[in-house]
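What TrEMBL annotates here:
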BINDING   GLY101, GLY103, ARG104, LYS123, ASP135, GLY136, ARG193, ARG200, ASP280  ATP binding site
ACT_SITE  ASP270  active site, proton acceptor
BINDING   ASN271, ASP280  Mg(2+) binding site
Amino acid sequence: MLNLIIKDTFNKELPADSIQENTRRQVTEACFSFVTPKKTSNPKMLHVSDEMAKELGFSAEEIASEAFKNVFTGNEVYPNTYPYAMCYGGHQFGHWAGQLGDGRAINLFEIVYNNKNWALQLKGAGETPYSRTADGLAVLRSSIREYLCSEAMYHLGVPTTRALSLALSGDQVLRDVMYDGNAAYEKGAIVCRTAESFLRFGNYQILAARGDVKTLKTLVDYTIKHHFSNLGNPSKETYVSFFKEVADRSLEMVIHWQRVGFVHGVMNTDNMSILGLTIDYGPYGWLEGYDDGWTPNTTDNTHKRYRYGAQPEIVLWNLYQLANALYPLIEEAEPLEAILEYYQEKFPEVYIQMMREKLGLFSSKETDDKLVSDLEEVLQKTETDMTIFFRLLANVSKKDTVQEAIKKIEKAFYTPSEFVDEIKLAWEKWCQNYLERLQNETTSDKEKKAKMNAVNPKYVLRNYMAQLVIDDADKGNYTLLNELYELLKKPYDEQPKYEKWFAKRPEWARNKVGCSMLSCSS
Ligand code: AMP
Ligand code: MG
């Protein structure tokens, strides 16, 4: 038996959908619908995050128990809990899409452990009133990607939802991965995700879009009471401070994404957490060659709306939509506009500061803006691996000559033969400026290296690495899943035994489905 301290608030304090049948429909004047997870034919736990399990207070016996397996695959409802799916809407690729909602996420319960509140949610546990035309299920491939990446992001210090467990359902799920008429059966899987809350911008937007100001106010007051209690009692001023804090947290999140080279892939407003957490790991990817214009999401190929370089602007666009949703409670545009302007002013400042840290510059000089923009340009002249470049840059010493510095970073270039003429000159010029800039620093080489290595990860979940785990897991082999899970717990450490993962993307993975090309099909 599991011993959990249940403290449900969402499904106790907020208005529920009055209909209890699990039929697909528009749900009005409610924040959620009660729904029971689907029983699966042969559930099997594949992995449990020991770190997350510890945070939640699970003992080793509990993790190994039948009850754990059954509860976290949706086959057993924990006593006195009432699972539910949330109602939200969203802007998808810039267009208002109306009601979306948890189409395949089912919230189980909220628990308290060590004075922290956690919501636990299953992804892929069957249909809900919000499933629209889809089946409410998830496949092993996308579940592995969410499970591994959300934990990896946590260990990288990026605000994120987390994952407790990954299980096979034992059922087959039909998917057309590239939407080209080649549907095939894949193994069904269920991830149990955790977060303080899974509320998204879209939860507020749907209520504002329907003119349901009463429920909107109830939801905002609930959010402030439970998640932003430092802001005080509900009032117009508190709502403005709430929006300011969401803006600050979202900015912090996206700066981290830019720092580690993470591309979310689908930054729709329904995928924006109100707590500023990275949420909904779908067709995300990691920059290998540094490229402002890159997105892994083939569904976004034409406009590349959610490309790496656009992510901070898209956060701002999404904040505009949230501001519109909160407006009926504030009835004044000016304070909201001021916060949106503040975001625009603040972004370049925090971005440069983050880049200074990546470059090992601990004082600030006005010329740093130019040094950073020149670097962004030079990094794209010939394909240069972002992670490897910044990690190796830490080895550059103040005393190095330009040639010595280049020798130390050249492993980051994908096509060394291109490193001639204009490209070589541009790199030499940048290194020259960088070495000159380093002379203004008082930090020793050793201290600089340690500080740089604390912000420039050595190991990230490269797209092809996740795919290798998936290929093995499809065949029932989970050794690599375990290995990468362990590796990614300490992304900033040298970990010599895993050195083989400190390598550029292999050539076979350049244009392979799952490695550089991902769709929303999951
Ligand atoms: P996403 O693009 O994964 O953020 O999903 C957008 C919307 O589609 C959300 O409302 C999801 O819950 C829903 N959705 C995605 N996949 C499925 C699925 N297999 N079954 C039901 N709903 C889904
Ligand atoms: Mg989503």
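Glycine is treated like the rest: Cβ placed from N, Cα and C.
The model shown is predicted, which means the values in this text are computed figures rather than measured ones.
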**OP:** From the binding-site residues listed here (GLY101, ARG104, ASP135, ARG193), select those whose CB sits under 6 A from an atom of ligand 2.
**Re:** none
Original post:
Among the binding-site residues ARG104, ARG193, which residue has the largest number of other Cβ atoms within 10 Å of its own Cβ?
Top reply: ARG193
Original post:
What is the interatomic distance between the Cα atoms of ASP135 (ATP binding site) and the residue listed as 'active site, proton acceptor', given in whole Å?
Top reply: 19
Subject >> DSSP three-state assignment for ARG193 (ATP binding site) >> reply: strand
Original post:
Just checking the binding-site residues GLY101, ARG104, ARG193, ASP280: which sit within 10 A of ASN271 (Mg(2+) binding site), CA to CA?
Top reply: ASP280
**OP:** Can you check which residues sit near GLY101 (ATP binding site), meaning Cβ under 8 Å from its Cβ, same chain, 6 or more apart in sequence, and list them in order?
**Re:** VAL27, ALA85, MET86, CYS87, TYR88, GLY89, THR128, PRO129, TYR130
Original post:
Which number gives the other C-beta atoms within 10 angstroms of the C-beta of ASN271 (Mg(2+) binding site), all protein chains shown included?
Top reply: 22
Original post:
Near ASP270 (active site, proton acceptor), how many other Cβ atoms are within 10 Å of its Cβ?
Top reply: 25
Subject >> Listed binding-site residues (ASP135, ASP280), ranked by Cβ neighbours within 10 Å, top entry >> reply: ASP280
Subject >> Closest of ARG104, ARG193, ASP280 to ASP270 (active site, proton acceptor), Cα positions, binding-site residues only >> reply: ASP280
Original post:
DSSP on ASP280 (ATP binding site), three-state: which is it?
Top reply: coil
Original post:
How many angstrom lie between the most widely spaced Cα atoms of the ATP binders GLY101, GLY103, ARG104, LYS123, ASP135, GLY136, ARG193, ARG200, ASP280?
Top reply: 22
